[in-house]
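The following features are taken from TrEMBL:
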type: BINDING; residues: A:201, A:227-228, A:241-245, A:258-265, A:279; note: FAD binding site
type: DOMAIN; residues: A:3-181; note: domain 'Electron transfer flavoprotein alpha/beta-subunit N-terminal'
């Protein structure tokens with residue numbers, strides 16, 4: 001079985017999400033990586049080094065520069081005559097492209113795969129992770145998106161695949177890229193951070209949120225997250241939100257400060273390796289998932305913790 | 001845990017569509033357009049609005065309260081936006097007549113929506129509630145000119161309304177009131193006096209507030225026969241309907257209350273404020289009472305609402321609070337302790353709360369059907385019967401539901417243990433909020449006196465007949481049942497009904513000789529009527545549930561739970577009837593034995 | 001410009017899903033069902049476009065059981081103009097839904113199809129993209145802002161790490177993210193009016209679409225529960241724990 005994997009990249013390097021997708025794809029068969037971009041030789045070279053990748057296809061064209069689904073989906077669909085499965089990481093880019101590919105192939109996609117049970121059987125979360133479904137696909141070709149936190153990352157170095165340049169139809173003229181505002185932060189990005197410090201509504205205000213959470217995060221080199229309640233209350237910007245309707249994260253360490261642990265929040269962080277909770281309510285549901293809990297006043301605890309670290 | 005509320009839509013649909021299907025006051029073609037799919041859509045949206053907009057302001061409104069600064073009253077943060085959303089959605093105009101811009105909803109639906117609003121935020125409910133009361137009085141008694149000038153904006157909720165009855169020295173006894181109204185020679189009057197306890201007397205939710213004020217004309221007879229009703233706007237409207245100058249109505253202060261803190265309860269000073277007579281001179285009390293009666297049913301519904309949120313909040317806590325192990329052995333080995341809901345005594349409290357709220361909802365719905373039939377029944381006989389039933393049940397709904405609500409709110413605190421006494425859990429608020437419902441619109445003692453004094457013996461017991469007939473008819477109908485539990489419950493109801501009939505006769509007879517006998521029996525009698533009324537509803541509900549389960553239903557959980565609640569009611573609540581009966585039977589003797597000086 | 005908005009009836013977002021003991025799925029008997037929250041945002045966006053004079057008519061479509069009528073009525077009460085219910089008592093997968101919607105779109109000729117980015121039951125996040133492929137239209141997924149100008153639409157998308165704006169030629173597909181707007185509550189007069197708005201019933205066969213599922217659900221289980229850990233007494237003990245865990249040196 002041969003598997004085509006979508007490489008998420010910034011033209012120069014490969015993003016971490018790709019590495020988990022390679023691991024998942026490797027469970028199905030031989031992995032060929034597709035780098036579609038503009039001036040993306042650097043990314044293709046990086047992809048060639050990923051352990052487990054047997055070949056890299058590079059489609060370098062202005063039309064693929066911003067990974068517009070309208071342009072890259074036909075490219076992939078055409079390539080798929082030579083592959084049995086298409087695998088993309090379940091990033092916003094992967095989620096944008098893969099279903100378009102699936103429809104072009106007349107295939108029902110399996111989204112956010114958590115495990116590969118066999119060549120045609122997968123597990124995936126439904127109801128915001130409140131249930132796990134095992135599904136079996138009867139389609140001849142498979143189209144999958146992979147939840148990055150569910151698979152180990154393939155080694156970024158060690159492989160030596162060849163890079164083959166290909167071309168596709170290019171621009172379909174349906175869409176064009178206008179611009180992007182990517183949040184710049186000294187801190188690591190939420191979905192790839194090793195440590196996350198998240199604040200909840202108990203922080204009481206935007207000022208207190210930043211006064212308490214930011215120093216602790218900086219001390220730990222952590223990313224900053226927030227509960228939906230804190231975001232809705234305006235204490236933290238939208239892209240901080242961790243949860244069912246925000247970002248799904250699974251860092252090594254997740255520190256929840258003043259977060260009660262609503263189901264929708266737990267759905268976004270419960271796969272973290274270690275969860276630490278600080279809350280004044282000893283009955284808060286967050287303590288039911290926390291590995292380490294401290295009951296008390298966060299306004300005293302957090303500064304003390306920051307200081308003692 | 002905190003305040004938890006999700007409108008009990010399934011039970012609401014049950015009382016609305018199933019419980020009284022095809023009986024009592026007949027079909028009302030007037031409301032033909034309100035088919036179940038439409039009423040359900042209305043209830044669904046009301047449920048969302050109350051949960052998402054009003055509920056989040058309940059605890060914060062209680063903590064912040066209303067404030068007064070330079071004579072201007074401010075509602076707590078968020079209330080203005082919430083009110084605007086409520087008004088713009090057309091919810092203020094719910095049951096008002098369409099000819100004045102209302103939505104003309106039947107009371108059966110309206111009262112369910114009221115319950116949701118009161119559950120989610122009792123304080124909030126007072127603002128549209130008072131406006132609706134004032135609207136009702138204007139609709140019933142004011143001149144066409146006044147109606148045209150004020151009703152459209154009040155019905156839409158753009159302007160608020162109040163009812164100004166109470167003065168410092170007169171509450172229950174309005175005959176003592178002193179506010180006076182002098183003719184100004186142009187058909188208007190100058191109203192002067194001080195009023196207290198005026199709900200929504202001033203606030204920042206509406207542009208204008210229309211006060212309905214009880215006052216005396218210069219030549220008025222003494223006592224209650226000399227009271228007239230006046231419409232006094234806060235701002236005098238211009239000819240084009242916009243708001244003009246202030247009208248000499250000043251806020252002298254806001255009351256500092258035990259609960260209901262987000263509702264602005266004001267002291268108002270009228271200083272030669274311009275007003276217009278509503279209805280006939282010296283007939284103000286009668287005009288006010290058409291509205292008062294309607295409001296009393298609504299206050300009962302307020303109690304029901306608070307009871308429901310107290311119940312739901314208690315259930316949530318009882319499920320999550322882990323303490324000790326079940327008496328029968330560990331129930332949840334995966335947890336460090338069992339949730340307290342495993343304990344029989346916690347169940348006793350939860351089931352009591354549940355039976356009270358479900359029983360009240362069913363009984364309230366029965367009365368709502370009568371309210372609709374009173375206005376729109378097919379023939380004069382039906383309308384009279386409905387009206388008699390409403391007259392009898394109004395004090396019962398008001399006093400019974402609010403007494404039960406207080407009990408329920410207190411049980412809620414009990415389930416939370418010490419945490420219930422701590423403000424941030426939010427459940428002690430229900431106790432404080434529920435408490436007022438037993439007091440205003442006539443204390444519950446006054447309601448009981450109304451029942452035994454004005455309703456019980458009047459017109460040879462005519463007011464009681466629709467109720468007694470309905471219970472007798474069901475007892476006869478259910479006599480055929482072969483189901484053992486239904487038969488047992490029927491016989492409990494029959495027994496209590498017997499006690500009620502006996503008490504009714506006794507009180508009627510004794511009261512002829514000694515009015516104090518009626519007063520001594522009043523509160524117990526009202527409770528007895530309420531218990532039989534709820535028992536009647538529970539038996540009906542249980543029979544329907546049994547039938548549906550027999551037919552096969554995909555809602556078996558709901559009907560099974562209904563049977564369980566009914567069983568609890570008959571086993572554990574209806575026995576209160578015997579206590580009430582024995583109290584009534586004992587008469588006034590021991591009650592009045594101690595001379596007043598000896599206290 | 002006509003706007004087509006597909007809506008789905010799902011378990012209400014406030015209800016905690018319970019996995020059925022037999023492992024066949026999530027228990028939907030006797031639980032509150034509502035419009036998928038992302039679809040509500042889609043309906044709201046369409047109404048705002050109509051209020052701005054950009055959209056002329058809003059057609060809502062649902063594919064599902066008869067009870068999905070309630071969901072369509074909710075959309076009509078919010079302000080949609082008419083509704084189409086494609087009745088299927090069996091579950092239809094996103095691919096089948098997209099095929100049906102493509103037929104509806106061919107018949108209705110909308111300028112925009114606005115969909116929720118995903119339904120909160122199956123969390124597939126596929127239908128809009130698939131519909132884009134089948135119709136050969138551009139797609140602006142995970143939209144946080146939609147601006148129609150002439151024969152194109154600018155869609156600002158919530159992407160990992162920030163926002164991205166794309167320009168699409170209309171007709172086009174938009175899928176909504178959470179912060180596109182805050183859906184309104186239906187007003188009482190509009191709930192009453194919704195009753196008389198047209199609701200047309202169809203079946204997948206009317207469109208000649210085969211909706212046979214491609215995936216079979218082998219089983220549905222509860223996720224593995226995390227075990228509660230330990231409570232520490234104070235900050236010093238917490239710091240100690242962090243050290244043992246290797247979080248800090």
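FYI, residue positions are counted from 1 along the chain as it appears here.
From the backbone N, Cα and C atoms, a Cβ is placed for every residue, glycine too.
Mapped onto this structure are the features recorded in TrEMBL.
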{"residue": "A:201", "record": "FAD binding site", "contacts (Cβ under 8 Å, 6+ apart)": "A:227, A:229, A:230, A:233, A:235, A:258"}
{"residue": "A:241", "record": "FAD binding site", "contacts (Cβ under 8 Å, 6+ apart)": "A:225, A:226, A:227, A:228, A:231, A:247"}
{"residue": "A:244", "record": "FAD binding site", "contacts (Cβ under 8 Å, 6+ apart)": "A:128, A:129, A:263, A:264, A:265, A:267, A:268"}
{"residue": "A:259", "record": "FAD binding site", "contacts (Cβ under 8 Å, 6+ apart)": "A:198, A:199, A:200, A:202, A:227, A:230, A:265, A:277, A:279, A:284, A:286"}
{"residue": "A:262", "record": "FAD binding site", "contacts (Cβ under 8 Å, 6+ apart)": "A:227, A:228, A:229, A:243, A:285"}
Practice problem: Ten-angstrom check, please: count other Cβ atoms within 10 Å of the Cβ of residue A:265 (FAD binding site), all chains counted. | Solution: 28
Self-check item: Model confidence over the domain 'Electron transfer flavoprotein alpha/beta-subunit N-terminal' (A:3-181) (mean pLDDT, whole number)
Solution: 96
Quiz prompt | Assigned element (helix, strand, coil) containing residue A:244 (FAD binding site), judged by DSSP | solution = coil
Self-check item: Assigned conformation of residue A:265 (FAD binding site) - DSSP reduced to three states
Solution: helix
Quiz item: Looking only at DSSP and grouping its letters into three states, which state does residue A:201 (FAD binding site) belong to?
Solution: helix
